[in-house]
Amino acid sequence: RQRVRAMFYHAYEHYLESAFPYDELRPLTCDGQDTWGSFSLTLIDALDTLLILGNVSEFQRVVNVLQEGVDFDIDVNASVFETNIRVVGGLLSAHLLSRKAGVEVEAGWPCSGPLLRMAEEAARKLLPAFQTPTGMPYGTVNLLHGVNPGETPVTCTAGIGTFIVEFATLSHLTGDPVFEDVARKALKALWKNRSDIGLVGNHIDVITAKWVAQDAGIGAGVDSYFEYLVKGAILLQDKELMSMFLEYNKAIKNYTKFDDWYLWVQMYKGTVSMPVFQSLEAYWPGLQSLIGDVDNAMRTFLNYYTVWKQFGGLPEFYNIPQGYTVDKREGYPLRPELIESAMYLYRATRDPTLLELGRDAVESIEKISKVDCGFATIKDLRDHRLDNRMESFFLAETIKYLYLLFDPDNFIHNDGSDFDVVVTPYGECVLSAGGYIFNTEAHPIDPAALHCCSKRREEHWEVEDLMREFYSRKKTKKFTFKRTPDHSEGENAKEPEDASSEKAGEKRNSKKSSHSLLSCPSQSFNSKLAVLGQVFLDNT
């Protein structure tokens, strides 16, 4: 754990000294470069990692720096996908962790705050990309002018289906449904256009919905679409999203799985098109653990671990039959996916083999990648040549998952025994109780926060009617009962008082109630639910 902490600060401090305010550090030349849009991206991506390492003072300093220095009104062509997962996701996570980090939050938090406003501003810059006939977004948008004329309509599957975690969180915190709506529409468009055998391809035309690249698999170009169906289902307690993933999972097992490896196949025929393992696929065992398929997850993980031990890292492509790298795909840019799966599986199994992977990763990265100004991308795992780049995900994901693997008592692993109660404009709210959902850039989202900033009108009525019944039984005096305004209801939120309020309650109670007044509403999501990598069934 201490070695991982030292790795973080070696990289982070050199970014601040040599690269800030550029997006990324160039560790071989000790300078910086803009890569994804000129947002000081490494600083945003590393922010929640600072808190996970316990550095509250630097977290607070960086929050102030970002508020003063980041501007999204710029004439830059930005990746819709990358801006969402790194910028929107990083700002949302930091916003929800601000109170824990000792930041003096404004009244109304977590339903308001400067980082939330920044996340919303960034997300609004992405919305023009979703204005297509299919609802599937373009891959690139200009932050000042919207989608450029002549922009290619071809987008990868992951670039369409990786928004529901961040956008639904935004909608729940701000009360504006547009973000969740466009994310859901994009997810459903992909589902609608799957093949007859239940698979999706790699790239699709967002105007015509025609598949341009018809390779189906779990890796690059597709990966986080499947991840977000599962994580979106858990975050939002959404049976539909989970059922969609489980249907895909059947097709993936039927057509792409061979001896605990996953190959690439033609999406319409199921015939093998590429017998390769991609390093980006290494997230899959962690995802399997979240749905309770731990045995299969461990078998696949151990296959991937053999590749790591062969090279001291995961090459971008690995030819499974030949047992070697693929030409021009021999590099390892310090990706987190295998370490991510190790962290999830260790939470589920406590298998010491997973700690061994973590130790191997620390030693490999330090031995091969460490240079005077940070950690460099490994250009070729065969001869350990380096490239002059340190991607922001190294601090956002790789270091974070390594640290969490070796820190079982971290607040992220909270089992619910510790929590905070905060007062919002909508009443008291429990936060920081655990069950964090990591976005695909490893930014943790507290699922409880999604219930802090609004209440469904029916639920509000049920509580109000329950209180009215309680007080009416006491028969001590007449009460005036006012409902907390729900801004999402506009003028309909005006509260009737006294007798008029009682009449309103009678009208509502005259309708058939979905459940007993004195019972809690049952959860709508009754599939397997994973908390911190541990799987529970709803009947236990």
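Positions of Cβ are set from backbone N, Cα and C atoms, glycine also.
In TrEMBL, annotation is done automatically, which means it is predicted and not curated.
According to TrEMBL, the feature active site, proton donor maps to E82 (among others). Residue environment of E82 (active site, proton donor) contains 20 other Cβ atoms, counted within 10 Å of its Cβ in all protein chains.
The active site annotation in TrEMBL covers D223 (among others).
Taken from TrEMBL, the feature active site, proton donor covers E316 (among others).
Look at TrEMBL and you will find E337 (among others) tagged as active site. Same-chain residues at least 6 positions away in sequence with a Cβ under 8 Å from that of E337 (active site) are, in sequence order, S279, L280, E281, A282, Y283, G286, L314.
Note on T440 (Ca(2+) binding site): other Cβ atoms within 10 Å of its Cβ, all shown chains, come to 25. Here TrEMBL flags T440 as Ca(2+) binding site.
The annotation region 'Disordered' is assigned in TrEMBL to 481-521.
According to TrEMBL, the compositional bias 'Basic and acidic residues' annotation covers 483-508.
The shortest Cα-Cα distance between D223 (active site) and any of the recorded positions E82, E316, T440 is the one to T440. Within the same chain, residues at least six positions away from E316 (active site, proton donor) with a Cβ under 8 Å of its Cβ are Q278, S279, L280, V326, R329, E330, G331, Y332, P333. Annotated pair T440 (Ca(2+) binding site) and E82 (active site, proton donor), C-alpha to C-alpha distance, rounded: 10 Å.
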